[in-house]
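Inspection log for the structure reproduced underneath, given as structure tokens.
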Ligand SMILES: [Mg+2]
Ligand SMILES: [Zn+2]
């Protein structure tokens, strides 16, 4: 029954304990340049400029890879993603980081293959060995959502995922996040879904201030032990609920069958005449 569960994770400060962009900047000594350019460029272009600087300093893609492999990711997250995947849950990441950072970190912890999809900013490694980040949304045709930053509307991503699943394959959704840009996807969840905001982070505050707008059930978490425990419990809870629903549906079907049974032989009625 866990096959009916779709878990969507934000990445920075949700799956991993840090912000991957800032981790690279800090550990590659680019904090000062970052602050100088911060107000002049949109986030994505700024990150791309930082990668150009890293390249100009003679650091390779391997150096960036090694830097990312130091990002902390809690052992309980490794354990719960492996278990959820083994139980048949569908796992995805929706993030405004980028494909290279996410893949490198998840591969390092041996859980990349637990995820069916990573929805994020694409990257290219140029021939000269320089990593380039491209925006998820083409800047010439931005999305129209005013809740989200210009580059990525995560709510739009959730809607696309929901509409790609047929009614008979309907899944219960669990969304895990921390940031302001995790509020829009939260609003797309249905009453049977769950949202897990990180306690006292922007998503949590936005939910508290707009409680009436959120249809999904809210389960906040404050550390990765707690996140893993709640996820386990929700997977069990939803699986049991779906099993009961399935059993009830089967019972109803057999009642209908029994009701039909007397006339179901299609044998002509014998008419007794004098
Ligand atoms: Mg985040
Ligand atoms: Zn949005």
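Note that Cβ sites are derived from N, Cα and C of the backbone, with glycine treated the same way.
Just so you know, TrEMBL annotations are computer predictions that nobody has curated.
Predicted, not measured: the structure shown is a model, and the values here were computed from it.
Residues or ranges marked as active site, nucleophile in TrEMBL: 10. Residues or ranges marked as Mg(2+) binding site in TrEMBL: 10, 12, 178. The active site, proton donor feature in TrEMBL is assigned to 12. Per TrEMBL, substrate binding site is recorded for 21, 96.
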Using Cα coordinates, what distance in whole Å links residue 12 (Mg(2+) binding site) and residue 96 (substrate binding site)?
9
Name the secondary structure element type, per DSSP in three states, that contains residue 21 (substrate binding site).
helix
Listed recorded positions are 10, 21, 96; which of them have CA atoms within 10 A of the CA of residue 178 (Mg(2+) binding site)?
10
Neighbourhood of ligand 1 - recorded positions from 10, 21, 96 with Cβ under 6 Å:
10
Taking every protein chain shown into account, which of the recorded positions 10, 12, 21, 96 has the largest tally of Cβ atoms within 10 Å of its Cβ?
10
Integer Å distance between the CA atoms belonging to residue 10 (active site, nucleophile) and residue 21 (substrate binding site):
14
If the Mg(2+) site is taken as the center of the Cβ atoms of 10, 12, 178, which further residues of that chain fall within 8 Å of it by their Cβ?
11, 13, 14, 15, 19, 95, 177, 179, 182, 198
From the Cα of residue 96 (substrate binding site) across to the Cα of residue 10 (active site, nucleophile), what is the distance in angstrom?
9
